[in-house]
Each structure stands twice: as structure tokens, then as C-alpha cells.
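Participant: Would you mind keeping the following structure in view while I ask a few things?
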Amino acid sequence: MAGLRIIFMGTPEFACPTLRKLIERGEEVIAVVTQPDRPKGRGQKLVPPPVKALAQEHDIPVLQPLKVRTPESVDEIRRLAPDLIVVVAFGQILPQSLLDIPKHGCINIHASLLPRYRGAAPLNWCLINGETETGITTMMMDAGLDTGDMLVKRAIPIGPDEDAQSLHDRLSQLGAETIDETLDLLLAGKLVREKQDDSLTCYAPMLKKEDGLVDWTREPVQVKNQVRGFTPWPGAYTFLDGKTLKLYRVAVAGETGEPGEILRVGREGILVGCGSGSILIQELQLEGRKRLPTAEFLAGFRLEPGTRLGEAGSVEH
């Protein structure tokens, strides 16, 4: 039996397991719509999005409109006559004229338990806010931002030391499993739509680099969660002698000291005063150097207790 005629819309690595799942299921993926190739690295060479590379491996036609909302792009998608559009981390807002094209609508895979954490960076904000559970929601798309009817929800626990990279990888796989379940229900005529309760929502805006600056007056658990949510990108950071110091792995500690003051330096890490306690820095990266476990970093860098971490150009000794 021929599968559904599906257009897949997605861009980063996060979206790839779902596209693979659609191919494995035998659905007829008639096109992939993804963002344009972007210049990367020192040579500014154009690099295709991961979804484009995967589509080309399977000889699936690829469309890369600068703006999918233009009448030309919408008409091109209309001519393909899809039964369904599946969207995962595409990176552009779809106009109503596009949402109306497929007979089964447009299904989005969102990396949170809606209606909580609508927006561009749900898995990061779950970590920053210290949540212990998140998941995947499939939803029927409407013209709002992650406001459509919910279809299938799958929840997973968040580990106490889990960072955004680890959670990204797990949710990416869970997204593929959830679309599998969603399409089975759709084909069986058993898909149930549930309205979102707007009173329960919270927003997860795109991360900005400057949001990663550590405020050492905050409580240790808040700083730890900030580091978890910002690892690996854009990175939580402070300053050491005017240079950016990125923090990739930290632990909460009980000793107290002045906010931002290095209290102790040892193989187990760098202990820094923070709020009503302290933070043990276990993995870091100083500007111009590689990301390293703290013990390896200290083997080639002398750091004295009493040094103050803080804003650029205002480092105290």
C-alpha cells in the first residue's frame, strides 16, 4: 500500500530522526523544504542543512526558499499536492495559505509538553528553569506560535546533571517515535485533537549569547541550571582577567564566599562563591583555548584563590 504523500519541513540535526522515520515507514516523502545553505567557518564555505544532506542521500527533491511565505513558494508546495506536511524545527513561520494546502493539515513536532514552553528554545528553558520532566508534543499547526491542537504527548524525565546537548539528542529520537505513533492513529482514524489551555502556557524565547552571562549573586542551583541549559550553545560564561571563560559542567557546593571569588583550586575543580553557597567548575573553556576538564586546564594555567570572576575589564585580585 502506498504511503501518505508527505512534504517534510525541517532544518537542523534535531529534525533528521523524524525524516528517517518517515522514510522507514514507507511514506511517500515527495519533497523536503529546508533553510538555504549557510556560510560557515573561516572560509565561509556554503554548508547544507543536515536535513538537506539526508534528503539527498535518499534522492528526495529539496526546496530551499528564502521565505516560505511568498506566494511563489506557497504555489510550488500547492502544486505538489501533499496529503500531509510534517514540520520539525524548520525555522520559519508558515502562513495560513500554506497550512490550508494538505488535506490532513500540518503536524508539528514540538520539544516540550505543551502548552508549557511554547517558542523557539523549549528544551533549553526547561533546563534553565530546573524542570524535572519534559517531552514531545505533536500538534496540528495553526497561524499562532505553537498554539494548535495537541495530538500525542510523550514525557521523559530530565536527569539532574543533564545538559541541553544530551536532552536534545534524546528528544530528537523521541520526536521520531512520537510521529510514528501519531501517523498510526491518523491512518486508523483514531487521532484525537485536544485544545491547549492558554492559562497554563509559558514562553521559551530564542537564546541570546548575552543571556549566558553568569550572575554570581544568584543561588548555586540557578547557576548550575543556567550552565546546563546553555551547554553547548551559546554557552554560560563569565570573565577571567578580561577574557571570556565558558562553563560547561558545574556542581553545587555548600561552602560560602564572596560572589565570583575563587575559594579553592584543585583537581576536583575550581570552587567559586555564588549566592548563599558555591559552585564547583568541572569543565570549562578559556577564550583562545580548548574546552577541557578543569584538572587538565589547571595543568597548564595557574589560578590563585582570591581571584574574582566577573565582568569584562573589572576583574579584581
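Glycine is no exception: its Cβ is also placed from the backbone N, Cα and C atoms.
Below are the features I grabbed from Swiss-Prot:
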type: BINDING; residues: Ser112, Leu113, Leu114, Pro115; note: (6S)-5,6,7,8-tetrahydrofolate binding site
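How buried are these features, and what lies next to them?
Facilitator: Other Cβ atoms within 10 Å of the Cβ of Leu113 ((6S)-5,6,7,8-tetrahydrofolate binding site) number 21 in total over all chains.
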Participant: Using the centroid of the Cβ atoms of Ser112, Leu113, Leu114, Pro115 as reference, list every other same-chain residue with Cβ within 8 Å of it (recorded (6S)-5,6,7,8-tetrahydrofolate site), in sequence order.
Facilitator: His110, Arg116, Tyr117, Arg118, Pro122, Gly135, Thr137, Asp146, Met150, Lys153, Gln196, Thr201
